[in-house]
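Comments concern the structure below.
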Amino acid sequence: MASTQAEIQVQINWNNYIELVAIVIPYYDFLLTFGDEVELFWQYPSRSFVTILFYVNRYLALLGNVPILYFRFLPKQAKGSVSIKTLVTVLLIYFRSCQGIVLYNQFFMSIIQLITSTFFVVRVYAIYERNKKILAILILAITAMVVNALVQISSTQISKADTMDYAVGCSQRYSEDQGHHLAYAWLGAALVDLLVFILTFKRTVKLKKIYKRTGLWDLVMRDGIIYFAVITIFNSSNILVFVVTKVGCEHVLLFLHHFMTVF
């Protein structure tokens with residue numbers, strides 16, 4: 001049975017509520033950890049790759065969510081009444097388009113996913129004591145992930161998907177074929193996360209045999225096995241979302257995954 005416009009609006013509202021949680025919590029986390037950032041990073045300036053990656057991940061997520069908040073939670077009439085006074089406002093006007101915000105979502109979360117995967121590589125490379133073979137395997141995996149994502153997204157032709165505007169927010173309908181292509185794109189990310197989880201778990205078990213006095217739980221928490229497992233589960237769930245989702249709920253797990261990977 002086809003959903004009525006009111007039912008779809010309810011689905012979009014629930015999507016927006018979950019999305020709001022996934023966006024607000026990182027802002028709250030930023031405020032809680034800003035003092036540590038000043039103490040650990042600002043007082044000891046560094047231009048190392050890891051430091052730059054940290055700043056890009058932290059502040060790109062904060063600033064990148066502004067257009068999403070603007071579009072998702074302002075009624076259409078409120079958006080139309082905003083005066084164009086600054087460059088930021090001019091840029092935000094673009095996101096009055098449902099198509100624009102959907103394309104932006106895909107691009108924004110793809111960049112965040114790539115940055116997160118790079119962090120994973122650095123972390124695993126470190127716990128393997130800079131093993132070049134491990135680094136080569138991870139770089140090859142990420143390269144394959146990026147190539148797969150580009151191929152699948154280009155095949156999806158998101159710009160041709162149907163969009164529907166509502167009182168607040170909008171939704172985009174994917175055909176079965178488009179949903180499968182997006183699922184395959186996220187499958188690449190899920191496989192990279194799974195690889196990171198397996199390598200981390202393998203290293204933790206080996207370290208447990210070496211450092212017998214250190215508890216397994218301490219090693220698990222130190223090496224982030226649980227975190228990597230949760231990320232893998234979320235990415236795997238994204239695949240199911242694009243295959244079986246209802247209209248208006250396509251991005252629920254995407255934003256929860258985004259929330260998990262930002263900080």
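Note that Cβ sites are derived from N, Cα and C of the backbone, with glycine treated the same way.
Straight from TrEMBL, the features:
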- 17-63: domain 'DUF6533' (DOMAIN)
- 49-70: transmembrane segment (TRANSMEM)
- 82-102: transmembrane segment (TRANSMEM)
- 108-128: transmembrane segment (TRANSMEM)
- 135-154: transmembrane segment (TRANSMEM)
- 183-205: transmembrane segment (TRANSMEM)
- 225-245: transmembrane segment (TRANSMEM)
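Against the transmembrane segment (135-154), stretch 183-205 has more CB pairs under 8 A than any other of 49-70, 108-128, 183-205. With DSSP states grouped into helix (H, G, I), strand (E, B) and coil, the domain 'DUF6533' (17-63) comes out at 41 helix, 0 strand, 6 coil. Confidence over the domain 'DUF6533' (17-63), given as mean pLDDT on the 0 to 100 scale, stands at 85.
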